[in-house]
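What Swiss-Prot records for this protein:
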{"type": "BINDING", "residues": "Ser23, Glu36", "note": "Ca(2+) 1 binding site"}
{"type": "DOMAIN", "residues": "54-89", "note": "domain 'EF-hand 2'"}
{"type": "BINDING", "residues": "Asp67, Asn69, Asp71, Gln73, Glu78", "note": "Ca(2+) 2 binding site"}
{"type": "COMPBIAS", "residues": "92-106", "note": "compositional bias 'Basic and acidic residues'"}
{"type": "COMPBIAS", "residues": "107-118", "note": "compositional bias 'Gly residues'"}
{"type": "REPEAT", "residues": "117-124", "note": "repeat '1'"}
{"type": "REGION", "residues": "117-132", "note": "region '2 X 8 AA tandem repeats of G-H-G-H-G-H-S-H'"}
{"type": "REPEAT", "residues": "125-132", "note": "repeat '2'"}
Amino acid sequence: MSCGMSQLERSIDTIINVFHQYSVRVGPRDSLSQKEFKQLVQKELHNFLKKEARDEKAINDIMEDLDTNQDKQLSFEEFVILMARLVHASHEEMHKNAPHDHEGHSHGPGLGGGGPGHGHGHSHGHGHGHSH
């Protein structure tokens with residue numbers, strides 16, 4: 001499926017694949033249990049959620065907030081809410097860190113300051129650190 005896909009399409013595909021990597025381990029196949037969500041946060045989002053990844057209560061609080069139907073599982077739709085929040089926060093951080101005196105639409109490092117090649121529009125698959 002990855003043949004000829006754009007960078008954005010590959011990114012979407014990656015989010016789906018990572019969700020499926022964790023969602024098939026316990027319980028319903030297409031949802032994350034609390035344990036699966038914790039593993040995903042700690043292994044896949046440890047830079048974006050630095051403090052939360054080390055704090056089980058914080059992970060539980062995030063899951064509770066996302067679990068809109070309160071079934072103690074995160075559906076893909078509920079999980080995507082977290083992805084949207086992280087993308088939004090990273091975008092805001094890029095604008096906050098950007099120098100305000102240059103032209104074009106290249107902004108400084110996103111969450112965590114990734115250095116060259118990690119700015120807005122120049123990602124090469126590297127994450128941006130994030131802490132709340």
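Backbone N, Cα and C define each Cβ position, glycine as well.
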Inter-residue C-alpha distance, Asp71 (Ca(2+) 2 binding site) and Glu36 (Ca(2+) 1 binding site) (nearest angstrom): 14
Model confidence over the repeat '1' (117-124) (mean pLDDT, whole number): 37
Candidate with sparsest Cβ neighbourhood (10 Å radius) among Ser23, Asn69, the listed binding-site residues: Asn69
With a radius of 8 angstroms around the mean position of the C-beta atoms of Asp67, Asn69, Asp71, Gln73, Glu78, what other residues of the same chain does the Ca(2+) 2 site pick up? Ser31, Leu66, Thr68, Gln70, Lys72, Leu74, Ser75
List the Cα distance (Å, whole number) between Glu78 (Ca(2+) 2 binding site) and Ser23 (Ca(2+) 1 binding site). 13
If you measure Gln73 (Ca(2+) 2 binding site) to Glu36 (Ca(2+) 1 binding site) at Cα, how many Å is it? 9
Which one is it: of the binding-site residues Glu36, Asp67, Asp71, Glu78, which Cβ has the fewest other Cβ atoms within 10 Å in this structure? Asp71
Determine, to the nearest whole angstrom, how far the Cα atom of Asp67 (Ca(2+) 2 binding site) is from the Cα atom of Glu36 (Ca(2+) 1 binding site). 14
Per DSSP (helix/strand/coil reduction), Gln73 (Ca(2+) 2 binding site) sits in coil
Give me the count of other Cβ atoms within 10 A of the Cβ belonging to Gln73 (Ca(2+) 2 binding site). 20
